[in-house]
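Pasting the relevant annotations from TrEMBL:
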- A:62-103: repeat 'WD' (REPEAT)
- A:153-195: repeat 'WD' (REPEAT)
- A:201-243: repeat 'WD' (REPEAT)
- A:245-286: repeat 'WD' (REPEAT)
- A:340-380: repeat 'WD' (REPEAT)
Amino acid sequence: MASVAGLKEKHAAATASVNSLRERLRQRREMLLDTDVARYSKAQGRAPVSFNSTDLVCCRTLQGHSGKVYSLDWTPEKNWIVSASQDGRLIVWNALTSQKTHAIKLHCPWVMTCAFAPNGQSVACGGLDSACSIFNLNSQVDRDGNMPVSRILTGHKGYVSSCQYVPDQETRLITSSGDQTCVLWDVTTGQRISIFGGEFPSGHTADVQSVSINSSNTNMFVSGSCDATVRLWDIRIASRAVRTYHGHESDVNSVKFFPDGHRFGTGSDDGTCRLFDMRTGHQLQVYSREPDRNDNELPTVTSIAFSISGRLLFAGYSNGDCYVWDTLLAEVVLNLGNLQNSHDGRISCLGMSSDGSALCTGSWDKNLKIWAFSGHRKIV
Amino acid sequence: MGEEVAVVLEPPRPKSPPRYPDLCGRRRLQLELQILNREVDFLKDELQSLEGVPPVSRSCKEVNEFVGTKQDPLLPIEKKRHRSCGLFWWIRSKLCICVPWICCSCQCLPKCKRPCCFDCSCCSCPDVSCCKPGCKSCNKPCCGANNCSCCDMSCCKPDCPSCSPSCSSCCKPNCSSCCNPSCCKPNCGSCCNLSCCKPNCGSCCKPNCGCFKLSSCCKFQCSPNCCTCTLPSCSGCNPCGSCKGCCSCPSDCCNCKPSCGCFSAQCCSCAESCTCPSCSSCFGCFKSFKCSNLFGGCCSCKQVFKCQSSCCKGAPSCCKCQSSCCEGEDGSSSCWRPCCSVPKPSCPGCSCGCVWSCRKCTEGCRCSGCRNPCCATGCLC
């Protein structure tokens, strides 16, 4: 049996090996970094996106929460939204009419995330109770007017930060957690199908904040973490991440797949958004704000969403800004935070409707707002 | 009914991730060595996978080709193209010349095949090589190879001599005076800011961290040494005031009387006495709830509808099945399938895309012709 001294020697050698390999990887990637999306697009003569001040407007304000809004999700088909708030409720909205169709009082009020099932009949939520609760919207309420929980998914050892149903599968859900793992659940049985990450460092080494499932290939999803990395997972292979993406300098708060299914965007506490290539691991573009003239700390990115064509990247920030980035030219084309009827507080969540015609933002000012295009669209 | 003492709910404290078993000496080292060797294998695999991987420009090309293949309802209108510019455009494209005065007078959008830095608003500086120190038409600061006076993230490299110390991107791990989130790593010394304060924060802890602030030290698993993440007592507030938030119990909320009868969360707008919001702000009162006025003008939302099996036959009072109900289905079905059994009006070109700007629009659909979002209720904008 090896002595402790021998093991220490091997430990030091292995550590040096890891550091050396990481440096080689970094150098190899730098050699392949011959351009970025913005430089390439400009060289191709891409015309910039130009918004008039009244092109994108706030056309609905959804009021009803009495606490900060933390999360929202659209239905895949109808224009319904579910939102989760610090007031301990989920509200389901008809976004077109601004009507509230359901108001669900939660057993644990510290909710952090919510999601709509693909058929629009169920919603899921999770938070500090370390569990994910499922509600069937067709359920009868009890005598107190409360909707019963259909299923509680327990097993995480930390808070549930994000959840998303697998597209077109009402029975499969993926959650991310403060216990550094992601889990794939069978909603009908309440069982964990797979755990991604965990005890061995093939997974994240800090709290996982966000997940995004690839709608073009639903076997793949990405997760963003406080360890400043994003990891790509294949739900059929839980033992290790397919790839790890480095670049951010602080917590990754939000990840979202690009509409083509081969790239994904990220938003981080370092104040930047980034675009990565899923297959090669390359960082394609950094979307970073100009530093504040007063040298204040950079606002952090809390949430992101892509428009349906991929040309626009919406990013919500901790200071209430909501930048609309031209994805190709890496320029800010609009700040929804400066428009009329904008939010009064931090943008905590964003979501694009399934048909790409509207963006919903949720804020710590307790409101949700719907933004849509109101300019003239005909081509002469 | 007298005022009740507020019940301060303790937030759930999720357990920390499981620690490795605290085996002494040899076994712990063996476990760590196993983990490191596994990491070495992963890194070697990743290095191997980079062989033959195309450079970033290939991915950039794919992104450019993809964007524009789908119509985007949020993108502004295409610029008008004057017919008189058509011939000029063709000539220009053949000559590959960017001549500013011709470019600007026709209001064309020239696509210069070569970088063009004339003082013409039509042309843009397509790449960094265009941005010379005297270039006036570039909208962005010019960062040439030898000019780092305009300090931005892409410009300032670690050995950039002219970047001022305050330039955040100049400050790499061994920074001293430039203290910002990108500078301060886990073993930070004097740069004490938010990014220093990770779960194992030592001396870089803010004294009054606050509770449940995701960006601060207390990331829901704050350690007792670091900051105080307990809810201050909301002794002045009663359940009517809904003191669930972190330290935020609006003072006027504490005047709410339990007998208010308001829907609990909305009681927090109480002034001198408990004035409940009018029924119009009760939850939707749409499908399952109806406002009923109680004494003193307070309202509560009670469930009044109960879906009958006849709902699937189009009875308008049903709270579940509306126009999306599938005709012909048995009344006991739950109508869960979204189905557009109501004939959709045709979508003239001008009503496509106006779903959100039209207040009369209550249901969206997809126009079969233009594939744009449309109003199913035939709203014309």
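Just so it is clear, glycine is given a Cβ too, placed from its N, Cα and C backbone atoms.
Because TrEMBL annotations are produced automatically, they should be read as predictions rather than curated entries.
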Under a criterion of three or more Cβ pairs within a distance under 8 Å and sequence separation of at least 6, are the repeat 'WD' (A:340-380) and the repeat 'WD' (A:62-103) in contact?
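Yes; at least 3 Cβ pairs under 8 Å.
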What same-chain residues lie close to the repeat 'WD' (A:153-195): Cβ under 8 Å, and 6 or more beyond its ends?
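Sequence-remote neighbours of the repeat 'WD' (A:153-195) are 76, 112-119, 121-122, 124-134, 203-213, 215, 218, 221, 223, 225, 233, 235, 238.
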By Cβ distance under 8 Å, which residues at least 6 away from the ends of the repeat 'WD' (A:62-103) in the same chain are close to it?
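Cβ under 8 Å, 6 or more out: 109-116, 118, 120, 123, 125, 127, 135, 137, 147, 167, 345, 348-354, 358, 360, 362-370.
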Do you know the DSSP helix, strand and coil residue counts for the repeat 'WD' (A:201-243)?
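Tallying H, G and I as helix, E and B as strand, the rest coil: 0 helix, 19 strand, 24 coil.
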